[in-house]
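Enquirer: The annotation S-adenosyl-L-homocysteine binding site is assigned in Swiss-Prot to Tyr18, Cys60, Asn65, Asp97, Leu98, Ser142, Phe143. The jasmonate binding site annotation in Swiss-Prot covers Gln25, His163, Trp164. As annotated by Swiss-Prot, Mg(2+) binding site applies to Asn186, Asp272, Phe274, Asn275, with the evidence given as similarity to another entry. Per Swiss-Prot, site 'Involved in substrate discrimination' is recorded for His157, Leu234, Glu353, and the stated evidence type is similarity to another entry.
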Amino acid sequence: MEVMRVLHMNKGNGETSYAKNSTAQSNIISLGRRVMDEALKKLMMSNSEISSIGIADLGCSSGPNSLLSISNIVDTIHNLCPDLDRPVPELRVSLNDLPSNDFNYICASLPEFYDRVNNNKEGLGFGRGGGESCFVSAVPGSFYGRLFPRRSLHFVHSSSSLHWLSQVPCREAEKEDRTITADLENMGKIYISKTSPKSAHKAYALQFQTDFWVFLRSRSEELVPGGRMVLSFLGRRSLDPTTEESCYQWELLAQALMSMAKEGIIEEEKIDAFNAPYYAASSEELKMVIEKEGSFSIDRLEISPIDWEGGSISEESYDLVIRSKPEALASGRRVSNTIRAVVEPMLEPTFGENVMDELFERYAKIVGEYFYVSSPRYAIVILSLVRAG
C-alpha cells in the first residue's frame with residue numbers, strides 16, 4: 001500500500017464525504033481546546049516581544065474541520081493580547097497534509113475565513129487597511145520528515161492524525177543467514193487483534209515508535225526553543241494493544257470483509273494481505289519515545305474517552321448506555337459513515353470501488369448490533385510538549 005497516495009479522506013461534499021461525516025473529529029478538536037489555550041497562553045507570556053508567530057496545523061485534512069483549529073488558535077491569541085497588554089502579532093499559518101489531500105476545498109474556504117477574522121478582529125490588528133495580519137498557506141507533504149525552515153515555528157497543532165503511520169508495518173524474517181523485511185502474517189485481520197501473532201504486535205509498535213521519533217526530531221528543528229506543540233490523536237489507556245478502545249473498530253470491519261469473502265464477493269487472500277497503517281499508542285510508549293528523542297519536555301499528557309460517535313464521556317456516565325435496537329442501528333450507520341469517510345480511499349485499491357457500498361452496509365449493521373450490547377469508546381491522547389533549549 002502506498003500510504004502517501006491513499007491516506008486521505010473522502011473528498012467533496014457527497015453523502016460519504018469527510019465534509020459530511022467528520023463530527024467525531026470536530027469533537028476531538030474541541031476536547032483538546034483547553035490544553036491548547038493553556039499552551040498558547042504560556043507561549044505568549046514567555047514571548048512578550050515577538051511580533052510574528054509561526055503556526056502549523058499538521059494533518060489538517062479537508063472539510064469544515066480544516067480551518068477549525070486555526071480559527072480557534074487565532075481567537076485565543078486575539079483574546080489573550082488585551083489581557084497581556086500587548087499588540088496582536090502577525091500570524092504566519094501553515095496548513096499541512098499529504099499531497100493527496102483535497103487542498104482545493106481548503107482554498108475555497110479561505111475567503112470566508114479571512115472575512116470572519118477581519119470582521120471580528122478590527123481594531124486589534126486584524127482589520128483591513130494595514131497593521132498585523134493573518135497569512136495562511138498550504139504545505140503539502142508528510143509530517144514524518146522536515147516541512148519548514150529551521151526555527152521558523154512557535155506553535156504546532158495536530159489533531160486526529162498521529163495515529164496514522166508512514167507505512168504499513170513489516171516484520172523481520174530470517175533468510176539465508178540474514179534478516180530481511182517481509183509482509184505481516186495476520187490472516188483474516190486488517191489490524192492487530194487478540195488472535196494476531198506477536199510478530200504483528202511487535203511490528204506495529206516498532207513502526208509507530210520509529211515514526212513518532214522522526215516526527216519529534218523534525219519538529220525540534222523547525223520550532224524555536226520554548227516553542228510548543230499540542231497533539232491529539234487516538235491512543236489507548238492499557239498496555240495491551242488489542243483492547244476494544246484501540247482496535248475493535250478494525251475488528252468489526254474485518255468481520256464485514258470476511259462475511260463478503262465467504263460469499264465469494266471478495267477474495268480472502270486480499271484481506272490477509274491488507275493491514276491498516278494505524279496504531280493506537282499507550283502513554284508509556286509516548287513517554288518512552290519522547291525521552292529517547294530528547295528535544296521536548298511534557299507539559300501535559302491526558303487521555304480522555306469519547307464514544308464512537310464522538311461524544312465526550314464523564315467518569316460518572318462511563319457505564320453501559322442503554323439503546324433500543326433502532327437507536328443502536330442508527331448509531332451503527334453513523335459510525336459506519338464516519339469510518340467510511342476516512343478509510344475508503346485505503347480500501348478501494350485492494351478490494352475495488354464496486355464493493356464499497358455493500359461493505360459499509362454490512363459494517364453499519366455489525367456496528368449497530370455491537371452498540372446494542374456495548375458502549376464502545378475511543379481513548380483520545382491530548383499531549384502538550386515544550387521544545388527544550
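Placed from the backbone N, Cα and C atoms, the Cβ positions cover glycine too.
Any idea what these are sitting next to in the structure?
Expert: In the three-state DSSP reading, Ser142 (S-adenosyl-L-homocysteine binding site) counts as coil.
When secondary structure is read from DSSP and collapsed to three states, Gln25 (jasmonate binding site) falls in the helix class.
The number of other CB atoms found within 10 A of the CB of Asn186 (Mg(2+) binding site), across every protein chain shown, is 26. According to DSSP, Asn186 (Mg(2+) binding site) sits in a coil region rather than a helix or strand.
His157 (site 'Involved in substrate discrimination') falls within a strand when secondary structure is assigned with DSSP. The Cβ of His157 (site 'Involved in substrate discrimination') has Met36, Ile55, Ala56, Asp57, Leu58, Ser69, Ile73, Met229, Val230, Leu231 as same-chain neighbours under 8 Å, each 6 or more residues away in sequence.
Following the DSSP three-state reduction, the secondary structure of Leu234 (site 'Involved in substrate discrimination') is strand. Taking a C-beta cut-off of under 8 Å and a sequence gap of six or more, Leu234 (site 'Involved in substrate discrimination') has these contacts in its own chain: Ser160, His163, Ser246, Ala280, Tyr378, Ala379, Ile380, Val381.
In the three-state DSSP assignment, the secondary structure recorded for Glu353 (site 'Involved in substrate discrimination') is helix.
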Enquirer: Is it possible to get the count of other C-beta atoms within 10 angstroms of the C-beta of Phe143 (S-adenosyl-L-homocysteine binding site)?
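Expert: Looking across every protein chain shown, the total is 24.
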Enquirer: Closest to Asn186 (Mg(2+) binding site): which of the recorded positions Gln25, Cys60, Phe143, Glu353, going by Cα position?
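Expert: It is Glu353, whose Cα lies nearest.
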Enquirer: Looking only at C-alpha atoms, tell me how far Trp164 (jasmonate binding site) is from Leu98 (S-adenosyl-L-homocysteine binding site), rounded to the nearest Å.
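Expert: Computed Cα spacing between Trp164 (jasmonate binding site) and Leu98 (S-adenosyl-L-homocysteine binding site) is 12 Å.
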Enquirer: Quick one: pull the CA-CA distance for Asp97 (S-adenosyl-L-homocysteine binding site) versus Glu353 (site 'Involved in substrate discrimination'), whole Å only.
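Expert: About 24 Å separates the two Cα atoms.
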Enquirer: Which whole-number value in Å describes the distance between the Cα atoms of Ser142 (S-adenosyl-L-homocysteine binding site) and Asp272 (Mg(2+) binding site)?
Expert: 27
Enquirer: Return the residue, from the listed binding-site residues Cys60, Leu98, with the maximum count of other C-beta atoms within 10 angstroms of its C-beta.
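Expert: The residue with the most neighbouring Cβ atoms within 10 Å is Cys60.
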